[in-house]
Amino acid sequence: MKRLIYLSKARPSLRDDALYDMLAAARDHNRDASITGLLIHQEQLCLQVIEGDEAAVRDCYARIRRDWRHENCQVIFHDDVPGRMFTGWPLAYRAGRDLERGQVRQLADIVECATRLAAKPTDSDRWAMDVYLRALIDSFSALTVQ
Ligand SMILES: Cc1cc2nc3c(=O)[nH]c(=O)nc-3n(C[C@H](O)[C@H](O)[C@H](O)COP(=O)(O)O)c2cc1C
């Protein structure tokens, strides 16, 4: 089981209507491919968690990163994991306005750390990123997401 997490910058065209259409199509595809995960869309920022078999995750991300509705995709986690965090959710969605204050802070930490990693990867930032991502993902474990 693989988990891939990336950050990207949404283009302005990714507004609510377009987003909900995209989510519906993405959920159909993810269900067929046994992919589960989460998409957070906060202003211009997207953070997506994709979990599933290695090939399914690779194919899904390859399609997503070519999508013109966002840019600057940066993988911030890609590794084997013992199990899914988003069982039953082909693509859970959380809008930025619905994030809890702690989650907004975790997201800001992740973005800052990603910027440092892109400029100059260090072990301490890699470790920090794992800690931030774990905290963010754990905060969704109750899964009241839509
Ligand atoms: C932020 C973002 C997240 C996306 N997530 C998924 C996803 O999880 N699964 C999926 O099938 N498509 C997702 N898409 C849509 C894909 O990029 C792509 O448009 C869609 O899979 C259709 O691809 P195709 O035209 O090559 O068949 C996402 C697009 C964006 C902009």
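Indices start at 1 and increase along the chain as displayed.
Placed from the backbone N, Cα and C atoms, the Cβ positions cover glycine too.
Please treat TrEMBL annotations as automatic predictions, because they have not gone through curation.
The annotation domain 'BLUF' is assigned in TrEMBL to 1-92.
Note on the domain 'BLUF' (1-92): its mean pLDDT in the predicted model is 95. Secondary structure by DSSP for the domain 'BLUF' (1-92): 29 helix, 36 strand, 27 coil.
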